[in-house]
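A.B. asks: Supplied in structure tokens, the structure appears directly below.
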2 protein chains.
Amino acid sequence: MRNLCMTLTYDGTAYYGFQVQPGGNTIQDHLEDAIRALTGEKVKITGSGRTDAGVHARRQIFNFSTESQIPIERWCIALNSRLPSDIIVIDAVEVSHDFHSRYAAKKKTYRYTVNANQFPDVFNRRLQYHHHAKLDIAAMQEGLRHFIGTYDFTSFASRKSQKDNHVRSVYEAWIEVDRSMCRDHPRDQGVIHIYVSGNGFLQHMVRIIVGTLLEIGEGKRKASDVPNMIAASNRSAAGPTAVSCGLMLWDLEYKKD
Amino acid sequence: MRNLCMTLTYDGTAYYGFQVQPGGNTIQDHLEDAIRALTGEKVKITGSGRTDAGVHARRQIFNFSTESQIPIERWCIALNSRLPSDIIVIDAVEVSHDFHSRYAAKKKTYRYTVNANQFPDVFNRRLQYHHHAKLDIAAMQEGLRHFIGTYDFTSFASRKSQKDNHVRSVYEAWIEVDRSMCRDHPRDQGVIHIYVSGNGFLQHMVRIIVGTLLEIGEGKRKASDVPNMIAASNRSAAGPTAVSCGLMLWDLEYKKD
């Protein structure tokens with residue numbers, strides 16, 4: 001048996017998330033179907049983690065065991081020709097038998113994109129949440145800084161979270177503002193990319209952080225209140241969950257063997 | 001009667017081009033329906049020009065006459081709420097009665113995008129033609145320069161063109177290569193943006209220029225042969241028509257009043 005590790009990228013708009021669900025039509029379903037069509041084997045793949053329905057990945061990792069002797073350099077093209085056009089495998093390597101995509105992940109980075117210009121960007125509308133009201137971006141940056149550190153993030157997890165332990169470490173978090181689509185118009189505030197990087201994330205965690213930052217940007221909450229929201233360990237202390245389409249699994253870092 | 005001029009942007013993937021067709025589902029149909037829903041008037045709009053099925057517009061202009069007294073600053077939001085999400089009106093101004101979107105256009109710029117990296121870009125797949133074979137980009141640049149000037153472009157027009165006069169002026173034409181998506185891999189050649197700007201374009205003209213440049217890039221034709229292809233005044237002297245999804249109406253320049 002070989003243990004193969006693959007990198008993929010996907011537009012999550014049409015799918016019910018990464019992980020297999022009773023209703024089907026997940027990224028994992030399509031990958032397992034493509035591997036079965038190619039090798040005849042019914043495999044179960046392991047992803048670095050789940051992404052929710054509608055969430056995208058610039059870079060996601062999965063691994064699986066196979067008896068197939070197909071040379072490693074053929075896998076990307078062979079799988080891509082059996083996958084829908086919004087899921088693309090971009091790298092394939094053979095790894096040691098004990099490699100596990102989830103356990104070996106050291107750091108994950110998500111990016112959430114808020115288009116704060118007057119009009120939606122028609123060519124990126126599936127990848128952005130369009131928010132046309134005035135935002136105080138400096139206050140959002142201040143609020144975001146309070147998430148860096150190791151905390152119990154119960155206030156920032158879905159009430160449906162089934163994890164026993166809600167302690168997670170956020171290593172870095174920053175905002176980049178892209179003004180390339182701005183016209184000379186006061187309602188064009190730029191496209192705001194919010195990056196959050198850490199050792200792992202609870203269900204909806206990045207989207208609740210963003211929903212809270214948007215309320216801070218609107219002046220409904222104070223940036224300096226974030227530590228109290230975290231300390232409350234209560235979902236109702238934080239802001240709403242931002243819509244899924246703005247979220248993208250941006251990057252993954254793995255332990256060196 | 002007021003003459004209103006509007007700027008719009010659209011993702012053309014789902015439409016049968018700009019101009020009304022017997023089968024419906026064109027950009028013009030949706031705009032006229034939205035105006036009728038808003039004002040109750042059955043108007044006929046005039047675009048700066050057609051775009052083919054599947055072609056996009058970063059910036060397109062149309063004008064129409066209306067009895068409506070809706071203030072000019074309300075039009076964008078009012079129409080956008082009645083349009084599909086892939087068609088967005090981004091500016092509205094009242095113009096003089098003799099303004100005509102097509103006659104007053106002085107210069108049009110189209111951009112065609114060829115993704116020459118190993119893999120498609122999943123987030124821009126609707127806006128790019130993916131060409132994974134080796135391309136000689138310097139030869140394509142040399143070939144493109146031969147199109148600048150005033151010529152009879154019959155060789156670069158659809159055989160279905162109904163224009164009497166095929167003489168057009170190409171003012172500028174250039175290539176930009178975006179290597180931001182390239183990995184350290186010999187098959188990643190970058191995303192090639194081909195810009196062509198002129199006083200007007202024949203049906204399929206930019207796509208036939210691009211199809212010819214791709215054959216030059218593949219070594220099937222010589223850049224120095226472009227003048228002969230133009231001089232032949234025969235569609236069969238030029239290369240194939242590149243697929244529509246890579247084409248975008250990029251910009252328009254109007255006569256100053």
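Using N, Cα and C of the backbone, Cβ positions are placed for all residues, glycine too.
Any TrEMBL annotation is an automated prediction that lacks curation.
From TrEMBL, for reference:
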- A:D52: active site, nucleophile (ACT_SITE)
- A:Y110: substrate binding site (BINDING)
- A:9-103: domain 'Pseudouridine synthase I TruA alpha/beta' (DOMAIN)
- A:145-254: domain 'Pseudouridine synthase I TruA alpha/beta' (DOMAIN)
A.B. asks: Inside 10 Å of the Cβ of A:D52 (active site, nucleophile), count up the other Cβ atoms and send me the figure.
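C.D. replies: Total other Cβ atoms inside 10 Å, all chains included: 19.
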A.B. asks: Tell me, roughly as an integer, the mean pLDDT over the domain 'Pseudouridine synthase I TruA alpha/beta' (A:9-103).
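C.D. replies: Reported value for the domain 'Pseudouridine synthase I TruA alpha/beta' (A:9-103) is a mean pLDDT of 96.
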A.B. asks: Below 8 Å Cβ to Cβ and six or more residues apart, same chain only. Which residues does that give for A:Y110 (substrate binding site)?
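C.D. replies: Within the chain, A:Y110 (substrate binding site) has Cβ neighbours under 8 Å at A:Y195, A:V196, A:S197, A:F201, A:V206, A:L247, A:M248, A:L249, A:W250.
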A.B. asks: Count the residues of the domain 'Pseudouridine synthase I TruA alpha/beta' (A:145-254) that DSSP assigns to helix (H, G, I), to strand (E, B) and to coil, and report the three numbers in that order.
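C.D. replies: Helix/strand/coil tally for the domain 'Pseudouridine synthase I TruA alpha/beta' (A:145-254): 33 helix, 32 strand, 45 coil.
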A.B. asks: In three-state terms from DSSP, label A:Y110 (substrate binding site) for me.
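C.D. replies: The three-state answer is strand.
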